[in-house]
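Now, the feature entries from Swiss-Prot:
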BINDING   74-81, 138-142, 192-195  GTP binding site
DOMAIN    65-245  domain 'tr-type G'
TRANSIT   1-44  transit peptide
Amino acid sequence: MRGCLQSVRWLTTALRRPAPQLSCLPFQPFASTSRLFSSCASRAATAARKPPSELEQRIAAIPIERFRNFCIVAHVDHGKSTLSDRLLELTGTIEPGSNKQVLDKLDVERERGITVKAQTCTMLYNYKGEDYLLHLVDTPGHVDFRAEVSRSYASCGGALLLVDASQGVQAQTVANFYLAFAQGLELVPVINKVDLPSADPDRALDQMKSSFELDVEQAVLVSAKTGLNVKQLLPTIVEQIPAPVGDHTKPLRVLLVDSWYDTYKGVILLIRVFDGEIKAGDQVVSFATGKKYIVGEVGIMYPNQTPQTVLRAGQVGYVYFNPGMKQSQEAKIGDTYTKVGSEKLVEPLPGFEEPKAMVFVAAYPVNSDDFPHLEESINQLLLNDRSITVKKESSEALGGGFRLGFLGTLHCSVFQDRLQQEHGANIIITPPSVPCKILWKSGEETVITSPIDFPDDDSSRMKVEEFQEPYVLTTLTFPQEYLGKVIELCEGNRGEQVSLEFFTATQVILKYQLPLAQLVDDFFGKLKGLTKGYASLDYEESGWRKSNIVKLKLLVNKVPVDAVSRVVHTSQVARLGRQWVTKFKEHVDRQMFEIVIQAAVGNKIVARESVKPFRKDVLAKLHASDVTRRRKLLEKQKEGRKRLQAVGNVIIEHKAFQAFLSK
């Protein structure tokens with residue numbers, strides 16, 4: 001009883017006390033937007049007021065004259081990521097031998113040994129008693145990710161031009177050199193893999209001198225794998241690569257270089273600060289969208305996200321907003337940001353050219369019930385890669401799916417791997433196709449990306465003036481001994497020779513105009529096979545050309561299978577049609593009636609195969625001499641099969657489509 005009375009007294013006393021003043025108030029419906037905006041900004045600024053770390057104090061003491069922003073540029077598999085690891089180890093950013101390919105963060109990058117996303121890292125290097133702030137960008141080498149490379153150059157003042165001592169200058173070395181040269185980057189020649197038995201550094205240096213007119217006397221010969229001579233690179237970077245230009249006293253001007261999505265923080269932006277300073281609590285505005293944001297956190301990649309109090313002019317780092325940017329479409333690559341109120345004082349920076357999808361595939365879930373999961377998985381990956389185009393599509397054979405556009409075939413393959421590895425999506429992918437342009441007699445133009453939309457009936461084709469397909473200018477480098485075979489391959493793929501150059505006694509640079517449709521049809525695989533893996537390839541868009549293209553369809557019992565249709569050149573129709581019907585026959589189960597598989601262009605059948613039906617022995621119980629009864633039963637069975645074929649649906653398992661569409 002006494003305990004109950006004490007509880008009542010305690011409760012009465014508590015109720016008489018004044019309510020505590022809460023520091024963080026709940027949502028007030030009558031509060032003005034500006035009050036809420038300023039209160040969020042003040043809270044973010046208060047949260048950012050922490051004592052600076054030793055790293056921050058060292059960075060704060062470094063003037064912009066001792067900043068160096070650089071990237072590593074090379075052909076695929078010439079050792080960019082391995083060299084990045086050695087530089088990070090030498091500057092104390094990571095522990096020696098702690099990780100391989102630190103900047104290759106995706107599983108597919110580690111598995112394939114390639115770089116897909118450009119990654120950044122900040123390093124501190126003490127040279128002659130003074131600290132230098134080095135900012136490294138590890139760029140992709142493959143042509144499909146050219147947009148990643150060109151964006152990376154915008155945040156750099158120089159580049160290490162890396163060449164494999166055993167392979168020499170390759171096609172993408174040439175392409176990436178011209179990209180860097182056009183942006184005015186200071187180039188430092190570096191020869192890698194000098195420890196290999198097949199290494200020939202002198203030949204590689206001669207190629208760099210003759211191809212790029214670089215001063216090879218300043219070249220550094222290294223082995224990124226063993227660490228040989230890598231220490232000599234750091235003084236070379238400090239002495240040869242210029243400091244960034246910027247003024248931290250001017251109004252804020254930052255360039256959005258890249259972005260990625262974080263589940264908890266929303267969209268995180270990778271920025272290059274050209275002028276001014278940016279810190280948590282600042283209110284910034286986008287020139288592209290006009291939307292305003294409050295900076296929640298700024299920091300550098302060291303090599304992971306490391307928060308900082310402020311980012312100054314010349315630095316490259318990350319920023320995310322509070323409240324977070326939830327729609328990745330708001331983060332437009334190449335956009336300029338400044339502080340609210342400084343819009344008229346700042347000239348926006350020139351942006352980047354938007355990458356265009358050049359290769360299209362259709363993706364369908366193996367199980368139609370998994371469509372929502374596939375859609376969610378694709379949307380998650382799009383947050384980190386907005387160069388992919390997505391359009392919903394429906395197929396009678398495979399159900400709901402998506403028409404996806406990519407920068408190239410490797411880009412498509414990497415996306416498929418990420419869907420399966422990171423999201424467990426089990427999908428059916430159609431062979432890659434390219435867009436085509438239709439010029440109508442009415443004067444209109446239409447670009448179609450799906451074979452389903454291609455006009456193949458007579459009435460539609462009568463309205464067409466001409467069809468066009470995209471061409472690319474390809475640059476191939478390979479040993480001279482394979483010249484005849486490579487020319488034969490290019491000519492067999494409707495190519496037109498542009499130039500032929502012997503840039504050393506044994507190496508050839510061959511340029512061809514090729515239809516993009518031929519290039520995506522495993523051209524690179526055939527090229528590698530012909531040259532025993534010694535060839536390299538690079539390409540760039542070369543416009544549209546008139547072409548005699550048609551839509552090739554697959555018919556099963558006279559019903560078109562829309563998921564398998566494809567736009568091809570007339571010279572390929574007979575060969576491809578024969579391949580289709582032969583391969584599809586292997587994967588279709590027998591039915592109670594005959595299945596006719598045909599390849600057709602319009603109303604013309606170009607190839608045919610048939611799957612024989614199961615046969616029931618209706619004569620088993622008859623006497624051998626009963627000829628009349630025997631004939632009657634056989635005729636009845638024949639009529640029954642005709643009726644079944646007329647009304648029966650051919651059941652084709654999804655596994656059959658998956659096997660047929662695979663290489």
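From the backbone N, Cα and C atoms, a Cβ is placed for every residue, glycine too.
In the three-state DSSP reading, Lys80 (GTP binding site) counts as helix. According to its DSSP assignment, Ala74 (GTP binding site) is in a strand. Sparsest Cβ environment among the binding-site residues Ala74, Asp77, Lys80, Thr139 (other Cβ atoms counted within 10 Å): Asp77.
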